[in-house]
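In what follows, a structure is listed as structure tokens, so that the remarks can point back to it.
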Amino acid sequence: MTNITQNQKITVVGAGLAGSECALQLADMGYSVVLYEMRDKTMTPAHKTHKFAELVCSNSFGSLGEHSAPGQLKWEAKKLNSHILQAAFEAQVPAGQALGMDREVFSAIMTEKVKNHPNIEIRNDVVKSLNDIPRPAVIATGPLTHDDLAESMRQHFGDEFLYFFDAIAPIIDADSINTEIAWKADRYDKGTGDYYNCPMNKEEYNRFIEEIQKARKIEPKDFETTDFFEGCMPIEVMVDRGPQTLRFGPMKPIGLDDPRTGRYPWAVVQLRQDNKEGTAYNMVGFQTRMAYGEQVRVFRMIPGLENAEFLKLGSIHRNLFINSPKRLNKDLSSKNDPWLFFAGQITGVEGYFESTCTGLMVSRFLNQKLKDQPFNPPPRESAFGSLLEAITDPTRAEHFQPTNINFALLPPLAEKERDKTLRKEKQIAIARNVMEQWNP
């Protein structure tokens, strides 16, 4: 396949975040892309629309902070002209220091981008076997891969998939929020006051925890164990770890002074704007597997949400992922088939934007391979390079678990820096310097 030209068709399976990004990047390079998306014919347990790059869990890409690891990942993606990032800013809604989006506007933008690109052919069909698609190919089918294709992949790799469960938080009608109790503010008054905050005193919190414990839960079917990713942990699982866990997690009150009392309450439930019109808010960090009726009953105990109208209730679904350090090469191609690439959450990254970045990287790696260029990965010191290392380092294979971007993935400084803030600033400076020099 060394004589492949720019006219060679590339198959991308899955029009989620990673697949859409990868397809657009390859198409921009002049390649003809055939993009498969099954949701016109077969829906997943979590998706609600047929649009591309649908956001099924949170509506946030995480921090934009200049000295945060997620912020650095976005800085690098912007330098590489990420289509997903551009669309996110076009669909941006107020979310403090995070990049929040109107999920419908965002998906509509991405769908139009993909459908209108002259080098992309869309096929609304279900791919059931790796043998059905020509190479080169990119599999970006996500954690909710069709069962038949998942079985084909299992046979290809010769071992079982790994899996974990994650959960989706409810969305509330803004008009049903009691603004005499809930107030708008960002933590420590940073930002423009984009979050509604629902306060609880100690007695209210304790009763709330008791009702979460009593509530009927939806248990996953057909599995003996239930592993949850830490970043999408259901609140009832957190409560099982101890009654105060929520107070030090999604309900931490520090930096949120209740205007009625002048000090921060015992606990706080935060609501983040979910659409551009500001008519819908999601419950931050409130992923849940409680039964629907129980969610309504328990969440209406929250001060400010006594009469809450739920536009969407929380749910749970299973996520599949490959043991990438064991089964994938550094360029995210299969060790069993060098022209079969993988991108997105199925590679073991966790998070919308991390998934996007793997799609962006695969587009560069595939381009290098098609042009017979040496493999040129992003520098190890960069956020992109650190994320890639986390999912391809063979030493991680035995205990591999999904990861999102964080400072622990970046290499330590050559000279130890005791000050945590300065240490992070120096790591960011190094990452930016090496990315400025990288020419993929």
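Don't overthink the numbers, they just go from 1 along the chain as shown.
Including glycine, each Cβ sits where the backbone N, Cα and C put it.
If you check Swiss-Prot, you get these features:
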- GLY14, ALA15, GLY16, LEU17, ALA18, GLY19: FAD binding site (BINDING)
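The most densely surrounded of the binding-site residues ALA15, LEU17, ALA18 is ALA18 (count of other Cβ atoms within 10 A of its Cβ). GLY19 (FAD binding site) has a Cβ environment of 30 other Cβ atoms inside 10 Å. Take the CB of GLY16 (FAD binding site) and look out to 10 A: across all protein chains shown you find 31 other CB atoms. All protein chains included, GLY14 (FAD binding site) registers 30 other Cβ atoms within 10 Å of its own Cβ. Residues VAL12, SER20, GLU21, CYS22, PHE52, ALA53, ALA140, THR141, GLY142, ALA343, GLY344, SER355, GLY359 surround the recorded FAD site, their Cβ atoms falling within 8 Å of the Cβ centroid of GLY14, ALA15, GLY16, LEU17, ALA18, GLY19, which are themselves excluded.
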